[in-house]
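**Q** Once you've had a glance at the structure underneath, I'll fire off some questions.
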Amino acid sequence: MKFVEIRDLQVTYMGKDKPSIVVDKLDIEEGESVLITGRSGSGKSTLVSVINGVIPHLINAEIKGEVRVFGFDVKSTPIHEISKYVGTLLQDPDTQAFNYTIIDEVAFGVENYMISRDEMIERVEESMKIYGISHLRDREINTLSGGELQRTILASVLAMRPKALILDEPTSNIDPQGTREILELVKTFRSEGISLVLVEHKIERVLPFVDRIIVVEEGKIAVDVRKDEIVDKADFLYSLGLEIPDYMLFLKKNGFRKIDYEYLRKTYTYRPPSRIGGKGEALYASVKVKTKNGIYLINTKISLKQGTITALMGKNGSGKTTLLKVIVGLIDKKRLIVEEEKVIVNGVDLSKTKLVERGKFIAYLPQFFDVMFIKRTVEDEIKFSMKNRGTYDEKRLGEVLKMFSLDAYRKEDPLVLSMGQRRRVAMASVLAGGAKVILMDEPTSGQDWYHRQILGKELLELRDKGYTILVVTHDSRFVDRFADYLLVMNEGKIVLEGKPEEVFIKSLRHGIEPPLEYELGGLIKNEHFS
């Protein structure tokens, strides 16, 4: 039996004139693992939403053609029946959590299956153990980091024992260690015969764990190949804006059709890009934050040089987001004790200022940015932000829309856009305000390589105009390409700092993986990757 059978599919959202995706034929065999990739907004999420029944049962859209999952007609089968066979991890795990604590969330789906209490407990305990969250069982959902929340939702899905899993960017919000753990689980799922669809931008990372690669471009399947053919298609995939590493292009140029690591280690060289040093101190912060029980979550100092891009990396739960929230004045002082909060921006002491005043000096983009949207159109959202900060004019609005490739979406509701597009709306809104120091929490999460490069180039332009930027990210290739400095945080402290190539040499001990080019190009010896 096939996992997926699609024939003559067209999906058109309400209010749209043309289909968002058109697929003449697509088959996925039972037990097969498939990577679906493509640029943000290309139609990937629409395709998987048809496979799991979200379209048309939860999202109102017109479907033409035939879609079958394990033999069931998706259009006529209730979604609760489809969910018994197909489990899904959504792109933004925050939208998938409904309960107060972790154990309640993991048990929620299984409870609806009306199985015995003993079996339910067994499934819940097994799932929490597999995902490493057993010790967090009584934690409140709203206190979890992005990675912890993602593991919780995955555990909830796994507890329902589906025949197939759809993982919509499962590594987008987690650190390298978490990525390795999830991919090891993918390996386990494959060995157990579970059918898998992974929607991912990180082609390089998931390649060993899939059988096929499907590329969606402008609502159509542009490429459908076995994974062994990826080097042969490297140039074309790169032209589509996908994250094809430099060493794959090097192999293609030298006549290879498959990846040959032995050849690469003998012949491939890599040199990091040039960086600037910066002059003067744009931001200094000394922060100490502890729980009501006296456990320090943050105990560190941070300094950003004027007119530079600094990346902040670290494991999930290391304190990166908490540090940013203290600096911008968003920390919950009823839940946590702020022992020290010294913040100086461009010589101005903001330590005792309120949130509104601090916001004139520091712009902040949170990790889960959908909560920022309060207007019905992209244009009005950015306009509202600019007016609040006294920076609005029509010409500037147009420039911001074009800068973030949003001009074509100016009349769209931000909440109906893809995650990558929504993130660009949030970034445009924050950066349109005029603050000279910008803190961004995971702006690369969920973005394809094409738009990450656009983001990086925009940050370089802002840097060259005198802006100082701090970017929290797990994306080491983005850091290597665009950051001037790299800070590594562990257990609430900055433990490494310097230029990325200096820090990457020492970063593995703190769970930070350099781009593979560093090892293949001889910048880091093989034993560092053991």
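Backbone N, Cα and C define each Cβ position, glycine as well.
Heads up, here are the entries from Swiss-Prot:
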type: DOMAIN; residues: 6-243; note: domain 'ABC transporter 1'
type: BINDING; residues: GLY38, ARG39, SER40, GLY41, SER42, GLY43, LYS44, SER45; note: ATP 1 binding site
type: DOMAIN; residues: 282-516; note: domain 'ABC transporter 2'
type: BINDING; residues: GLY314, LYS315, ASN316, GLY317, SER318, GLY319, LYS320, THR321; note: ATP 2 binding site
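Structural setting of the listed features?
**A** Mean predicted confidence for the domain 'ABC transporter 1' (6-243): the pLDDT average there is 90.
Sequence-distant contacts of ARG39 (ATP 1 binding site), defined by Cβ-Cβ distance under 8 angstroms and a gap of at least six in the same chain, are GLU217, LEU240, GLY241, LEU242, GLY420, ASP448, TYR450, HIS451.
Of all Cβ atoms in the protein chains displayed, 27 besides its own lie within 10 Å of the Cβ of LYS320 (ATP 2 binding site).
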**Q** I need the neighbours of the ATP 2 site defined by GLY314, LYS315, ASN316, GLY317, SER318, GLY319, LYS320, THR321. Which other residues of that chain put their C-beta within 8 angstroms of the C-beta centroid, in sequence order?
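**A** Here the nearby residues are SER145, ASP175, MET489.
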**Q** Going by Cα-Cα distance, which of the binding-site residues (GLY38, SER40, GLY43, LYS44) sits nearest to SER318 (ATP 2 binding site)?
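**A** Ranked by Cα distance from SER318 (ATP 2 binding site), first place goes to SER40.
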**Q** How many whole Å apart are the CA atoms of LYS315 (ATP 2 binding site) and SER40 (ATP 1 binding site)?
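**A** Between the alpha carbons of LYS315 (ATP 2 binding site) and SER40 (ATP 1 binding site) there are 26 Å.
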**Q** Minimum Cβ neighbour count within 10 Å among the binding-site residues LYS44, LYS315: which residue?
**A** LYS315
